[in-house]
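In what follows, a structure is listed as structure tokens, so that the remarks can point back to it.
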Amino acid sequence: MSKMRGRILIPLPNTGAMGRKRNNFYMRSLFLLALGIFGLLQYNNFNYLDSRDNVLGDAVTNDSDDAILAMVPATLHKYLTPHSRNHTASGAGALTGAALLLNASSPGAATASTISFDVYHPPNITEIKRQIVRYNDMQMVLNEDVFGPLQNDSVIIVVQVHTRITYLRHLIVSLAQARDISKVLLVFSHDYYDDDINDLVQQIDFCKVMQIFYPYSIQTHPNEYPGVDPNDCPRNIKKEQALITNCNNAMYPDLYGHYREAKFTQTKHHWIWKANRVFNELEVTRYHTGLVLFLEEDHYVAEDFLYLLAMMQQRTKDLCPQCNVLSLGTYLKTFNYYTYHSKVEVMPWVSSKHNMGFAFNRTTWSNIRKCARHFCTYDDYNWDWSLQHVSQQCLRRKLHAMIVKGPRVFHIGECGVHHKNKNCESNQVISKVQHVLRIARNSHQLFPRSLTLTVPSLMKKSKLRKGNGGWGDLRDHELCLNMTLATR
């Protein structure tokens with residue numbers, strides 16, 4: 001002990017080794033913590049994507065009418081519930097039986113024999129033509145007393161309608177849920193007069209509504225041009241034989257040697273007629289300077305589509321000064337909202353990619369209309385291919401589009417002019433779109449605060465394309481050109 005007391009303890013020199021060890025320990029701990037957080041985020045992200053895929057997979061199988069209805073607010077069920085005018089005899093009999101039971105238990109009530117059921121008779125061609133003239137002359141705007149007159153800078157939505165009322169019901173439901181829908185004018189352009197479709201459209205109570213009717217339809221001209229004239233040349237007849245038989249338009253088959261098919265020509269006629277009707281003939285649009293958005297009966301919109309359209313319009317000045325078309329739709333089979341919900345890209349307008357849910361203003365339409373001859377004489381029965389031909393061959397300022405990467409307009413139609421599936425009433429696509437939008441809504445991927453411009457992948461320069469044919473008949477050229485004349 002005495003020896004220990006006499007020793008002087010000298011501290012070791014500070015070489016920094018202990019400090020470095022502590023720092024290394026802290027750095028490793030922070031690195032492991034960051035790695036753990038990153039791994040957790042990746043796990044949650046993959047788990048989210050897997051769950052999303054599972055939901056979409058379930059949507060394919062869970063596409064019953066009840067499941068579809070459950071995804072729709074109860075106040076909008078009225079648009080999905082058919083109210084056909086066609087009362088069957090058995091239905092009338094069942095109602096009469098119920099009335100008899102009611103009368104038997106109600107002293108003094110009227111007898112059931114006083115109840116009568118009128119059998120619905122669809123209007124004949126003469127009556128349909130009369131109604132079409134009446135509607136087009138009246139130019140009535142429904143619900144204007146509730147929502148006020150159209151503002152010059154408001155959005156006009158034009159829906160091209162044929163006969164697919166089931167899809168139209170779902171489009172209307174999607175429109176009803178959109179923010180600011182009460183500010184728009186919703187125009188339904190019909191090429192088929194149907195009382196059930198008219199009842200559905202006139203039931204709309206969430207915005208201003210107008211109906212216009214294409215007056216040169218196959219329905220109203222079944223045995224004469226623009227329908228099928230008995231003397232029309234059969235599609236596949238050879239030109240030599242056509243000249244011998246002297247059938248209509250024998251001198252002018254299309255690019256592929258085929259003759260006119262009325263059912264394919266109508267869509268292009270209808271498109272150019274409705275565009276001219278909205279921009280140049282309707283009194284309500286006389287001073288309109290805003291966007292006109294083009295939809296079809298088998299489209300479906302997201303609830304922020306108007307919000308995003310307005311944001312795109314505001315950003316064209318700095319993001320794409322040359323853009324004169326805004327496109328909200330896409331034909332992609334998968335939709336990555338997680339990455340693309342607020343991203344846009346710009347590129348030349350391509351008919352096969354940007355023809356769904358696209359909008360332009362009166363200035364762009366005026367330029368298109370000046371090129372009506374290019375549109376109306378191009379040998380292609382597709383309006384969108386014809387419009388691209390106009391852009392490439394006639395317009396000084398080509399059609400250039402701003403496109404949303406995360407679509408706000410979806411195509412839900414299983415069948416149409418170009419596609420025929422076994423089950424045209426399938427709900428699979430409708431169910432899938434509903435689930436995609438529900439996930440986007442729940443994960444706050446709708447209504448972005450800003451837009452980001454992305455650089456599109458390298459695109460090949462669009463070549464001048466040979467038309468698809470079906471538009472060689474000079475009668476179609478003349479009718480189309482006449483429909484681009486302003487009557488106001």
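Positions of Cβ are set from backbone N, Cα and C atoms, glycine also.
When the candidates C394, C415 are compared with TrEMBL, only one is recorded as disulfide-bonded to C371, and it is C394. Disulfide annotation in TrEMBL: C376 is bonded to C480, selected among C233, C247, C320, C480. Looking up C323 in TrEMBL gives a disulphide bond whose other cysteine, out of C247, C320, is C320. The Cα of C394 (disulfide bond) lies closest to that of C323, out of the recorded positions C247, H270, C320, C323, H411. Its own atom aside, the Cβ of R164 (substrate binding site) has 21 Cβ atoms within 10 angstroms in the protein chains shown. Taking a C-beta cut-off of under 8 Å and a sequence gap of six or more, Q266 (substrate binding site) has these contacts in its own chain: D191, S217, I218, P226. Summarising the substrate site geometry, the residues cited as binding it (Q160, V161, H162, T163, R164, D191, Q266, T267, K268, H269, H270) extend over a maximum Cα to Cα distance of 19 Å.
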